[in-house]
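Chemist: Take this structure first; my questions come after.
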Amino acid sequence: MSFLVDSVIMFTSQVLFFGFGWLFFMRRLFKDYEVRQYIVQVVFSVTFAFSCTMFELIIFEILGVLSSTSRYFHWKVNLYVILLVLIFVVPFYIGYFVVSNIRLLQRQRLLFACVVWFTFMYFFWKLGDPFPILSPKHGILSIEQLISRVGVIGVTLMALLSGFGAVNCPYTYMSYFLRNVTDSDILALERRLLQTMDMIVSKKKRIAMTRRMMYQRGDDQNKQTGFWGMIKSVTSSPPGSENLSLIQQEVDALEELSRQLFLETVDLHATKERIEYSKTFQGKYFNFLGYFFSIYCVWKIFMATINIVFDRVGKTDPVTRGIEITVNYLGIQFDVKFWSQHISFILVGIIIVTSIRGLLITLTKFFYAISSSKSSNVIVLVLAQIMGMYFVSSVLLMRMSMPLEYRTIVTEVLGELQFSFYHRWFDVIFLVSALSSILFLYLAHKQAPEKHMTL
């Protein structure tokens, strides 16, 4: 009876997660597009539902909700379903919709979709060769063999996003990095934009008038016949006729300049609004968060460097370790085990909520940046693939943030994986991503004032 009740609870939560994924798909991703392929919506919602269920099981593990046998069963079912979707279903439909957009392959799209899927499986399997994730103990389609490869891709994505986010967040929030923009700067740039637009209009008028005169000239030539008419048409040219190709090149150059000026004007207005916003209470709060995250970024880069150089992986979760250091330093009596459980639960909850929210915001921005009516289905499936791998890898890495007694079932479910490898790999990719982001933002910030000075 207890197993049945636990299964009802899990099924109900999965239905709720599926509904939330469905609404997010309709209200956020596809609000500007017509849904023609409901299978895409179902696959996205299923991926989101089972991804969130893994986080729910982690929280249930800490709180002791459901029986241990029920949690273990649903862990297994959830992992097998999410791996089935990520490795078999989503790649096949990505290949299917890519082939469907190619006219020459539409008649044999099912065959070519299978070819694309087999190609994906080949490279997916070969991914395990350069990494220490293979184990001769397990079968080819064992959960360890599959989740280890998904973990490499997902941890790489997590580290890239985390490295960029750790640098970009303080750069975005802190008013220190804002350029000093005045109303006179905006007016001067808008004046240049209007002058450029006037020049474009005048040159297009010249092109229209010249073409009209050439058209009238053609009518006059049709009326004139005989030898003297032919001589006159060759030796004379209508007044105002000009080299249209040269004028058109000038118009194209001015239109490109107007686009750049328009974008710069929008950027200056946005910067001016950010300066005004930074003076408000909420702006000062985010400015403080920016300084906090900048310290966190420096600390994270430093710790990642230490872990890489000394080949170090922590065996104690950060909360327990931090409480032990504080208690030993202050010399007070404190129940470390009791409080570490509760604080770990709060920390894991914060990590889960921020991970889901941050990833959904990132996916939405990415979708609107590159999507079109033809490619929208493919892009949604790619985002579902990224989302699923991201969440599976989050479980791999979040295991270290849990107290030792709660890691047992997660370790049993995931199998005999090289967990230390994933943490070292995360540190390497995070360090590369963070340093590259610092260099990129430094060059962009340095180039921005020079750009305004030349315009």
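Placed from the backbone N, Cα and C atoms, the Cβ positions cover glycine too.
All TrEMBL annotations are machine predictions without curation.
Copied straight from TrEMBL:
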| type | residues | note |
| --- | --- | --- |
| DOMAIN | 142-207 | domain 'Golgi pH regulator conserved' |
| DOMAIN | 277-446 | domain 'Abscisic acid G-protein coupled receptor-like' |
| TRANSMEM | 6-26 | transmembrane segment |
| TRANSMEM | 38-59 | transmembrane segment |
| TRANSMEM | 79-98 | transmembrane segment |
| TRANSMEM | 110-127 | transmembrane segment |
| TRANSMEM | 147-169 | transmembrane segment |
| TRANSMEM | 288-310 | transmembrane segment |
| TRANSMEM | 343-368 | transmembrane segment |
| TRANSMEM | 380-402 | transmembrane segment |
| TRANSMEM | 422-444 | transmembrane segment |
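Tell me about the setting of these features in this model.
Modeler: Broken down by DSSP into helix, strand and coil, the domain 'Golgi pH regulator conserved' (142-207) contains 59 helix, 0 strand, 7 coil.
With a cut-off of 8 Å between Cβ atoms, the residues of this chain six or more beyond the transmembrane segment (6-26) that come close are 35, 41, 44-50, 52-53, 56, 66-67, 70-71, 74, 360, 380.
Here the transmembrane segment (38-59) has Cβ contacts under 8 Å with residues 10, 13-15, 17-22, 24-26, 29-30, 65, 71, 74-75, 78-79, 81-82, 85-86, 89-90, 93, 97, 345, 348-349, 352, 355-356, 377, 380-381, 383-385, 387-388, 390-392, 394-395, 398, 402, 410 of the same chain, all six or more residues outside its ends.
Beyond the ends of the transmembrane segment (79-98), by six or more residues, the same chain brings 37, 39-40, 43, 46-47, 50-51, 54, 109-110, 112-117, 120-121, 124, 143, 146-147, 150, 377-378, 381-382, 384-385, 388-389, 391-392, 413-414 to within a C-beta distance below 8 angstroms of the stretch.
With a cut-off of 8 Å between Cβ atoms, the residues of this chain six or more beyond the transmembrane segment (288-310) that come close are 166-167, 169-176, 423-424, 427-428, 430-431, 434-435.
Counting only same-chain residues 6+ beyond the ends of the transmembrane segment (422-444), those with a CB under 8 A from a CB of the stretch are 131, 151-152, 155-156, 158-164, 166-168, 171, 297, 300-301, 303-305, 307-308, 311, 313-314, 393, 396-397, 400.
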Chemist: Counting only residues 6 or more past its boundaries, what in the same chain has a CB within less than 8 Å of a CB in the transmembrane segment (147-169)?
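Modeler: 79, 83, 86-87, 124-125, 127-128, 131, 133-134, 290, 293, 296-297, 300-301, 358-359, 362, 386, 389-394, 396-397, 414-415, 417-418, 422, 425-438, 441.
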